[in-house]
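Heads up: the structure comes next, in structure tokens.
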Amino acid sequence: MKCKPNQTRTYDPEGFKKRAACLCFRSEREDEVLLVSSSRYPDRWIVPGGGMEPEEEPGGAAVREVYEEAGVKGKLGRLLGVFEQNQDPKHRTYVYVLTVTELLEDWEDSVSIGRKREWFKVEDAIKVLQCHKPVHAEYLEKLKLGGSPTNGNSMAPSSPDSDP
């Protein structure tokens, strides 16, 4: 665990920072996704998400993060997968699908850091994310391939006899 000004960072036993994020969709058709401006690079777009707090479940963390970063409430859906980023720092992000039911006019990050949000067609979102945050583009690419909990990335190692 490490302390940051307004949060405590948590790590799993393998040293990965525990994160959670949501692909926030305008409707259950999942054809328009909400992206937020990056806090470091305000002219670039990212998927809302962040670090999990101690004792927090991934789904709860994902809902909290999109409320803080994107100012949305919604219906939490399926776990799309667990995505690993092995660069320093290492992250392991639980990515959920959320259908937006409420857009707040003002929200925490819009007031404190001027964060913006914008709806994108999925194909356009993939293009803008590939430049700045390729791992975020992977979330949407997986969704297009029919990602669901049964075929999501798994953190469990495969058994030796399952290799071809």
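Cβ from N, Cα, C; glycine included.
Binding site for substrate per Swiss-Prot: Arg9, Lys17, Lys18, Arg19, Ser38, Ser39, Arg40, Pro89, Lys90, His91, Lys133, plus Arg115 from the candidate set Arg115, Arg117. Across the domain 'Nudix hydrolase' (17-144), the model assigns an average pLDDT of 95.
Each of the recorded positions Glu65, Glu68 was scored by the number of other CB atoms within 10 A of its CB, and the lowest score belongs to Glu68. The CA atom of Arg9 (substrate binding site) is located 14 Å away from the CA atom of Glu65 (Mg(2+) 3 binding site).
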